[in-house]
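K.L.:
Quick one: the structure is below, questions incoming.
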Protein chains: 2
Amino acid sequence: MAQSDTVDKILDAAEELFAERGFSETSLRMITSKANVNLAAVNYHFGSKNALIHAVFARFLTPFSATLETAFDALEARCEGKPPTLNQTLWALTESAVRMPQRNEKGISIFMRLLGLAYTQSQGHLRKFLEQEYSEPFGRFMRLLKEATPQLSAVDRYWRIQFMLGATAFTMSSSDALRDILQNKLGVETTVQEIASRLVPFLAAGMQAEDAMLVPPQSEKVSVA
Amino acid sequence: MAQSDTVDKILDAAEELFAERGFSETSLRMITSKANVNLAAVNYHFGSKNALIHAVFARFLTPFSATLETAFDALEARCEGKPPTLNQTLWALTESAVRMPQRNEKGISIFMRLLGLAYTQSQGHLRKFLEQEYSEPFGRFMRLLKEATPQLSAVDRYWRIQFMLGATAFTMSSSDALRDILQNKLGVETTVQEIASRLVPFLAAGMQAEDAMLVPPQSEKVSVA
DNA sequence: GTCTGTTTGAAACATACGTTTGACGCCGTT
DNA sequence: AACGGCGTCAAACGTATGTTTCAAACAGAC
């Protein structure tokens with residue numbers, strides 16, 4: 001067995017268990033048991049549990065951010081100066097995710113859930129790590145979004161981006177959805193691609209909704225359609 | 001000091017700490033320290049940490065579900081047989097939440113974050129508790145949604161509801177946004193009402209988006225607008 | 001005032017965690 | 001054949017957790 005075999009077995013087991021149970025709720029002993037390696041191997045190869053968490057993310061995120069950069073390059077080249085549309089930008093992102101070379105068919109679902117957990121569980125070290133390591137593609141995506149929705153005020157755009165992020169991360173990170181994806185609980189086939197093809201129109205429509213009708217929050221009556 | 005004083009002090013401290021740090025990451029010792037009560041008081045009054053978590057939810061959710069029922073009653077009465085529109089249904093929900101008698105101004109934000117955590121952290125016992133205790137108003141909301149979007153297929157509606165839930169729970173539960181809400185980090189005032197007034201149009205537009213344009217997931221080219 | 005059931009207090013319990021240790025086996029190099 | 005670095009292993013470390021214990025303090029009823 002090569003030396004890196006243990007490292008990969010740990011990463012595989014950790015990725016799956018973190019996605020299923022969250023970070024704090026997954027112990028190193030669970031991971032090493034599932035990976036069939038010794039408990040000390042984690043601290044030997046990664047240094048600490050937090051560093052292992054970072055490694056799990058880096059294994060997916062580093063090649064993904066490269067793929068995303070080239071997708072954005074291609075998109076902007078195709079648009080010849082004109083800013084890409086919202087739909088194009090969203091599709092570039094989701095297609096990059098879907099096209100990622102995956103270790104197995106559930107790779108993306110698992111990783112989407114991990115991303116959701118990263119945002120939701122207040123693991124300070126993880127947020128800091130992700131923001132430091134991958135600020136560049138993230139900032140570029142934000143810039144594209146801004147150029148694609150010039151009609152929105154900065155505040156409106158800020159909140160709607162938050163909503164998009166929420167719909168995406170939460171959907172992928174909700175255990176129900178994950179279970180559906182993984183074991184096809186619904187009759188229909190439920191691939192990540194299919195979810196994405198449902199999600200993108202939802203997001204685009206919400207993002208381009210008419211001016212937020214600021215219904216006075218204290219009014220007694222609700223406006224009728 | 002009355003007997004229930006300790007109980008309420010524990011609930012207050014637990015609610016706040018759970019919202020800040022999550023359930024697993026919050027120890028009983030943190031809670032009892034913040035509440036200035038003895039460690040054993042939690043197990044004496046609630047029986048276990050899990051039961052404490054349930055009690056935190058029940059303290060908010062029980063009066064809220066009652067408020068929501070009357071709001072739905074009023075809405076349906078006003079519509080005289082016609083099914084309420086999507087906007088009306090969403091507003092009835094958010095207004096019920098906003099109108100809840102709160103212990104303090106940040107009550108709703110905190111509780112929204114707790115709800116998001118409940119869905120996200122795979123705490124099996126919590127999900128089971130919530131589904132058992134509050135299935136009735138939840139089911140009623142789902143029925144109203146169904147009647148308000150008859151054009152959607154069941155599968156489309158299922159996923160779009162998931163998206164709505166995600167945008168809402170995630171927005172309210174993201175720690176960044178929470179921090180902004182709590183201490184007005186942004187220049188503009190950011191109340192829960194204001195967020196809701198931005199969120200509802202986003203959700204309604206997404207929910208009523210045109211038929212999901214099922215772009216073939218494997219196609220090389222992206223459709224252009 | 002005394003008694004009875006309820007609530008608090010400090011301390012201990014058993015368990016699980018992340019991490020560290022030191023011995024052991026392996027393998028390529030000298 | 002002896003060495004030395006590397007990876008593995010079982011075992012232990014110190015700490016933190018949820019929970020339990022039992023005596024003391026308190027309340028209201030008689």
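Each Cβ is built from the backbone N, Cα and C atoms, and glycine gets one as well.
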K.L.:
Among B:27-46, B:47-66, where does TrEMBL put the label DNA-binding region?
P.N.:
B:27-46
K.L.:
Which sequence-distant residues neighbour the DNA-binding region (B:27-46)? Criterion: at least 6 residues beyond either end, Cβ under 8 Å.
P.N.:
6-7, 9-10, 12-14, 16-17, 52, 55
K.L.:
Reported in the order helix, strand, coil, what are the DSSP residue counts of the domain 'HTH tetR-type' (B:4-64)?
P.N.:
48 helix, 0 strand, 13 coil
K.L.:
Grab the pLDDT values for the domain 'HTH tetR-type' (B:4-64) and give me their mean, rounded.
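P.N.:
Taking every residue in the domain 'HTH tetR-type' (B:4-64) and averaging pLDDT yields 92.
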